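Lifted from TrEMBL, the feature list:
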| type | residues | note |
| --- | --- | --- |
| ACT_SITE | D142 | active site |
| BINDING | L91, C92, H93, M127, E128 | substrate binding site |
| DOMAIN | 31-164 | domain 'Molybdopterin cofactor biosynthesis C (MoaC)' |
Amino acid sequence: MRHDDATSTAQRSTTMNDVLNHFDAAGNAHMVDVGGKAATDRQAVATGSIHMQADTLARIESGQHAKGDVLGVARIAAIMAAKRTAELIPLCHPLALTRVSVDFRCAYNKVDVLVTAATTGQTGVEMEALTAASIALLTIYDMCKAADKGMQINAVRLLEKSGGRSGCWTAQELEPHP
């Protein structure tokens, strides 16, 4: 290996460690130390959707689904998932959530979910919001799969976050996939 290749690799490694702070200098995974950070109000909003057949959506909206209140169960599952995110995602800090709200919108053969998670703490709640949105959609799939195995979960993503050192962030519009 040439010297400039080694230097370039070292520079990339340093840059990656600055960005990917869940790795130490040797490249080993570790939990980030947030002990010295000030507690601030933090909020994150995540979304996603599940596309389905029109009759599947009609059953959900009418409350006539064989398994009961699909969106009610999905809402509770999402809240439970947000509370247990640190058990599901390695290196994620357990948080004392102050709020988790889960809203659904049904239209155009799909259900959209919007999750807002909040805390006052030393690290953000993005993972809690994303986990809750994902579990809400997976719960809808689970409850409706007997009638519609072709449902598709799409576009689970962070829409915005606020609080902490990095401040506020809002997602840009996504380009449609080819």
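Cβ from N, Cα, C; glycine included.
Locations of recorded TrEMBL features on the structure.
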residue: L91; record: substrate binding site; Cβ within 10 Å: 12
residue: C92; record: substrate binding site; Cβ within 10 Å: 18
residue: H93; record: substrate binding site; Cβ within 10 Å: 15
residue: M127; record: substrate binding site; Cβ within 10 Å: 22
residue: E128; record: substrate binding site; Cβ within 10 Å: 27
residue: D142; record: active site; Cβ within 10 Å: 15
For the substrate binding site, please report the maximum Cα-Cα distance among L91, C92, H93, M127, E128 in Å.
13
Can you list, in sequence order, the residues of the same chain other than L91, C92, H93, M127, E128 whose CB lies within 8 Å of the CB centroid of the substrate site?
T85, A86, I89, P94, L95, T123
Three-state secondary structure, E128 (substrate binding site) (per DSSP):
helix
Alpha-carbon spacing, C92 (substrate binding site) to D142 (active site), which is rounded to whole Å:
26
Between the residue listed as 'active site' and H93 (substrate binding site), find the distance joining the two CA atoms and give it rounded to the nearest Å.
28
